[in-house]
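In what follows, a structure is listed as structure tokens, so that the remarks can point back to it.
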Ligand code: SAH
Ligand code: SF4
Ligand code: F3S
């Protein structure tokens, strides 16, 4: 009998890549993927634990998915990923219909685990020091972009963060396996490769560091762009900056999480850099790669963040001038160090702080995007926008979403687009009506 498998993914790109890995494993075991949970006999949710809100949402979704088990008791309901690793057996206590809890290091044996879960509730949450899945072939989703996890885990232990506890120790894939994956992605027709890792630039395999890996990947024919996320500021070596500058396929964009502009907060977060060191790093990067676009992550309301700390962050964001920023309210994660510290910023004040930073960043992003008006950007074509099939979109080299009139461009091509207008979230080519694209959701399909 054919076995049908449904998967839903939450969280970051690493989870998206892990879901593709699981799809690869299940494909080889004879499963066929289906797009609706009602059609599946195995339902898997790949989860995130980064903030409480993420877990709440997933609990809600699991509640809905348990209906399928009521109607069809043979269905296997599995929870994978970071929340599975975080809560382990507790997840089964809270949602007794869950048959399988599998953490990020258990995917190699996924088909066997599912078979076990048909017989009895199964828990596979042992973290590994060596598992990288480098030899497994993921079933990648169609599109122009291929995710390649080049390292797993994290050894930084920022005090707010659950990742080191749910993804285990840092380990890198062998360089030849990474390069084989890049070549394989190119052969499958992907045009952009995104190297993934929680501290992606801490990559090391013997003599091959992150800089050397970029240089080697840059030589793979067929690939137009090589991106990576997220680098840690303290691992951003001059060698890596130099490699970014020299590699033709590495575009001028860098996501460089800051978290806070206040040294007191950075130190309690255990980020291992000061704001001064961070800004000097930014200077070196901008000198080496003129016109590079920077984006970042910021947390507001960390325990002990005073009004003055917050204002310091505000000023730092202004000085640095990010093209875009993801801003989060601090969320205590049981298990992470800072969860033991009393929260000093109440919800209302967190809301005030986040709203202010988001508003200011929106204005800043708009100004940055408007400064591109009149210039020509190189866009890697992704496909039609949701609103208008004759208007297509893609990313510029600076990773800005760019909308342009279709006129025969093909998916995966890099086309020049003259920027005629801008919103905080997108560049618009000549002939595109600005009003249609008020938010990024209007653009992306
Ligand atoms: N490895 C990346 C971050 C991964 S998590 C890095 O070190 O930069 C993505 C972002 O989520 C983080 O950059 C941080 O801004 C945010 N985040 C992580 N834990 C959080 C928490 N407990 N509360 C609020 N935001 C958090
Ligand atoms: Fe979390 Fe810090 Fe590791 Fe990033 S570097 S995953 S924020 S512990
Ligand atoms: Fe979430 Fe795990 Fe990614 S906690 S952000 S899915 S590494």
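Positions of Cβ are set from backbone N, Cα and C atoms, glycine also.
Here TrEMBL flags 3-119 as domain 'MTTase N-terminal'. For 12, 48, 82, the entry in TrEMBL reads [4Fe-4S] cluster 1 binding site. If you look up TrEMBL, you'll see 140-367 marked as domain 'Radical SAM core'. Taken from TrEMBL, the feature [4Fe-4S] cluster 2 binding site applies to 154, 158, 161. Taken from TrEMBL, the feature domain 'TRAM' covers 370-433.
Feature map: annotations from TrEMBL on the structure.
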residue: 12; record: [4Fe-4S] cluster 1 binding site; DSSP (3 states): coil
residue: 48; record: [4Fe-4S] cluster 1 binding site; DSSP (3 states): coil
residue: 82; record: [4Fe-4S] cluster 1 binding site; DSSP (3 states): helix
residue: 154; record: [4Fe-4S] cluster 2 binding site; DSSP (3 states): coil
residue: 161; record: [4Fe-4S] cluster 2 binding site; DSSP (3 states): coil
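Filtering 12, 82, 158 by Cβ distance to ligand 3 (under 6 A) retains the following binding-site residues: 12, 82. Among the binding-site residues 154, 158, 161, the residue whose Cα lies closest in space to that of residue 48 ([4Fe-4S] cluster 1 binding site) is 161.
Checking the binding-site residues 12, 48, 82, 158 against ligand 2 with a 6 Å cutoff on the Cβ atom leaves 158, in sequence order. Proximity of the binding-site residues 48, 82, 161 to ligand 1, judged by a Cβ distance under 6 angstroms to any of its atoms, singles out 161 in sequence order. Counting only same-chain residues six or more apart in sequence, the Cβ atoms lying under 8 angstroms from the Cβ of residue 158 ([4Fe-4S] cluster 2 binding site) belong to 259, 269, 270, 271.
Excluding the listed site residues 12, 48, 82, the same chain places 10, 11, 14, 15, 47, 49, 50, 54, 81, 83, 163 with Cβ atoms within 8 Å of the centre of the [4Fe-4S] cluster 1 site Cβ atoms. Counted within 10 Å of its Cβ, the other Cβ atoms near residue 48 ([4Fe-4S] cluster 1 binding site) come to 22, all protein chains included. Cβ neighbour count within 10 Å across all protein chains ranks 82 highest among the binding-site residues 12, 82, 154. Averaged over the domain 'MTTase N-terminal' (3-119), the predicted model has a pLDDT of 96. In the domain 'TRAM' (370-433), the DSSP tally of helix, strand and coil residues is 1 helix, 31 strand, 32 coil. Other than 154, 158, 161, the residues of this chain whose Cβ falls within 8 Å of the Cβ centroid of the [4Fe-4S] cluster 2 site are, in sequence order, 156, 157, 160, 162, 163, 164, 198, 336.
Distance from the CA of residue 154 ([4Fe-4S] cluster 2 binding site) to the CA of residue 12 ([4Fe-4S] cluster 1 binding site) is 14 Å. Each residue contributes its Cα atom, and for residue 154 ([4Fe-4S] cluster 2 binding site) and residue 82 ([4Fe-4S] cluster 1 binding site) those atoms are 13 Å apart. In terms of DSSP secondary structure, the domain 'MTTase N-terminal' (3-119) contains 64 helix, 25 strand, 28 coil.
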